Amino acid sequence: MAKNVIVVGTQWGDEGKGKIVDWLTDHAKGVVRFQGGHNAGHTLVVGEQVYKLNLVPSGIVRDGVECYIGNGVVLDIHHLLSEIAELEKGGIDVRSRLKISPGCPLILPYHSAIDKARECAKSEDKKIGTTGKGIGPTYEDKVSRRGLRVYDLFNPERFAEKLKEVLEYHNFVLTQYFKAPAVDFQTVYDQAMADAEQIKPLVTDVSAALYAANKAGSNLLFEGAQGTLLDIDHGTYPFVTSSNCVAGQASAGAGIGPGMLHYVLGITKAYCTRVGGGPFPSELDIETEGAPGYQMSQVGREFGTVTGRKRRCGWFDAAALRRSGRINGLTGLCITKLDVLDGLKELNICTGYKLDGKIIDLLPIGADEVVRCEPIYETMPGWTDTTFGVKRWEDLPVNAQSYLNRLEVLCEVPIAIVSTGPERDETILKQHPFK
């Protein structure tokens, strides 16, 4: 009988999901993206080769694994084709194994133009830190029922008709409100039609394909992007992404019933990071040499895969993780980047907050309350021996084991996996999600 696993980020993204998805794919016949777009950045290290993926599911680097892009993903086809070309240069067979839902909303040039113009117009304290890829405006078009989808590409006359209508609206906003240049209809149309010819062989009823694979007994892995605290409904709104990043979205964003989902693995760093604006209760100074935040930033190489921006760093926030655990219904946790904490004399864990004179043990909903939270810390001793590359639990320093055990208790979720480095075999397994 098939067993299907969802991998989700439990923080503000960048938790190391790509490596874990790649590692778990050894037990899966298919890997599915179900939300987000090319604002996601997954880095995989396989031997000497480093792969940086935005849209193509991480399972593509495993021979014989089918990869699916579900209807919940917003798709920049031009970017996808570039990504495919890069993978093919490295000798990876992509086109025979990649399947794209015809229901994916299309990201077109006017979406990124709106995205960038809108962010530029905001004051510094209101900036979300968008990647400028057009993700948000594409989701807006989807819910306002004016967006174009992959299936529209294959009816050129109807595509042109819809494009003229939506472009008239967006160009009015660009030129009249943002005082930005208009986007040319013919340029957008010609590029879309050229891309359509290349993408057509990959378009498949993904929902039906996943149902058939599950019925045939194939294990499936659902690969989340971003993180729970960036979720449009459950994150630190409005400093969030434009999609649902939680486990429940795997069902809607891939077109499968929730009864087909069996295990939810939450990925979290051994500390916290965040890119862009928004509240971050346990944030540390990352600029002062020798400070814990500086070590996290430098040793952890905390720079965004997509934007290259410095990530903000802070202590592990168990109160935030507790919220993520409940929203996602986590079955198990995977802790990544434990080695980044090697050498710190003491480690703090945020166990709750002081908010308006009260003590709470769960991250509040919405940015307005989160920004007023003062972290409450529990201090634990650090360790001097390295954890990098350790492959057995018993070989971890005693204090590292104690730290992880405490996280497990505070988060109310058992630890299934500990990642101790970027390579596939730099992994400690306590409970296999597929077994």
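Keep in mind that glycine also has a Cβ here, set from the backbone N, Cα and C atoms.
These numbers come from a predicted model, not from an experiment.
Its Cβ taken as reference, ASP14 (active site, proton acceptor) is surrounded by 29 other Cβ atoms within 10 Å in the chains shown. If you look up Swiss-Prot, you'll see ASP14 marked as active site, proton acceptor, on the strength of sequence analysis.
For HIS42 (active site, proton donor), other Cβ atoms within 10 Å of its Cβ number 25. Taken from Swiss-Prot, the feature active site, proton donor applies to HIS42, supported by sequence analysis.
Cβ neighbour count for GLY13 (GTP binding site) (all protein chains, 10 Å cutoff from its Cβ): 29. Per Swiss-Prot, the feature GTP binding site maps to 13-19, 41-43, ARG311, 337-339, 419-421; the stated evidence is sequence analysis.
DSSP classifies ASP14 (active site, proton acceptor) as coil under the three-state reduction. As annotated by Swiss-Prot, Mg(2+) binding site applies to ASP14, GLY41, with the evidence given as sequence analysis.
In the structure as shown, the Cβ atom of GLY41 (Mg(2+) binding site) sits within 10 Å of 20 other Cβ atoms. The IMP binding site annotation in Swiss-Prot covers ASP14, GLU15, GLY16, LYS17, ASN39, ALA40, GLY41, HIS42, THR131, ARG145, GLN226, THR241, ARG309, and the record cites sequence analysis as its basis.
Taken from Swiss-Prot, the feature substrate binding site applies to THR305, VAL306, THR307, GLY308, ARG309, LYS310, ARG311. Within 10 Å of the Cβ of ARG311 (substrate binding site) there are 21 other Cβ atoms, across all protein chains.
For the recorded positions ASN39, HIS42, THR131, ARG309, LEU338, THR420, a Cα to Cα distance of within 10 angstroms from ASP14 (active site, proton acceptor) holds for HIS42.
The most densely surrounded of the binding-site residues LYS19, ARG309, LYS310 is LYS19 (count of other Cβ atoms within 10 A of its Cβ). Taking the C-alpha positions, the distance from GLY308 (substrate binding site) to GLN226 (IMP binding site) comes to 15 Å. Here THR131 (IMP binding site) is positioned 22 angstrom away from LYS19 (GTP binding site), judged by their C-alpha atoms. If you measure from the Cα atom of GLN226 (IMP binding site) to that of GLY13 (GTP binding site), you get 4 Å.
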